[in-house]
Amino acid sequence: MRILGIDPGLRVTGFGVIDQSGHQLTYVTSGVIKTADADLPTRLGTIFEGISTLIRQHAPDHSAIEKVFVNVNPQSTLLLGQARGAAICGLVSGGVPVAEYTALQLKQAVVGYGRATKEQMQQMVVRLLCLSGIPSTDAADALGMAICHAHGGGTLSTLGGIAPGLAKKGLRVRRGRLVG
């Protein structure tokens, strides 16, 4: 099963594609869709087209996107919601089922701790997907979304083959931190 994870943003939308076969997760690609410093409709169109292009290139079976949270600034929340809407429209128009997860669910599924930092997310994504480099925070969050969906949005303790895989490498999660 191929999963496209999306971390929506008006300026930068992260994406990550993974393949899942049983408990095995394989990295396919990741990156960001950057919007030009233009008017809102142009930015939303760029996000929509970027998602549509990813669907044509990678043919995902499923997708996962972060739910909108209420920010301190209501205007920022509205803009984020519009960027998320453009991404969802791209997914739906491409025939890709969409699952939604909160930031808490994402962090619990990937790191095992709901208040994990961006750096902890990046470290765990690198470990779980055996990446040679550290992805940007937006791409790491998108890959994390895909990982979260691959494991039903569950916590690290229910990830089946992932936790034993970390143990074989001498790694574990303690108080939300990856330790060796």
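Heads up, the Cβ atoms here are built off N, Cα and C, so glycines get one too.
Sequence annotations record features per position, and here Swiss-Prot assigns active site to Asp7, Glu66, Asp138 based on sequence analysis. Annotated Mg(2+) 1 binding site per Swiss-Prot: Asp7, Asp138, in sequence order. Residues or ranges marked as Mg(2+) 2 binding site by Swiss-Prot: Glu66.
Structure coloured by features recorded in Swiss-Prot.
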{"residue": "Asp7", "record": "active site", "Cβ within 10 Å": "27"}
{"residue": "Glu66", "record": "active site", "Cβ within 10 Å": "25"}
{"residue": "Asp138", "record": "Mg(2+) 1 binding site", "Cβ within 10 Å": "24"}
Glu66 (active site) versus Asp138 (Mg(2+) 1 binding site) - Cα distance in angstrom: 12
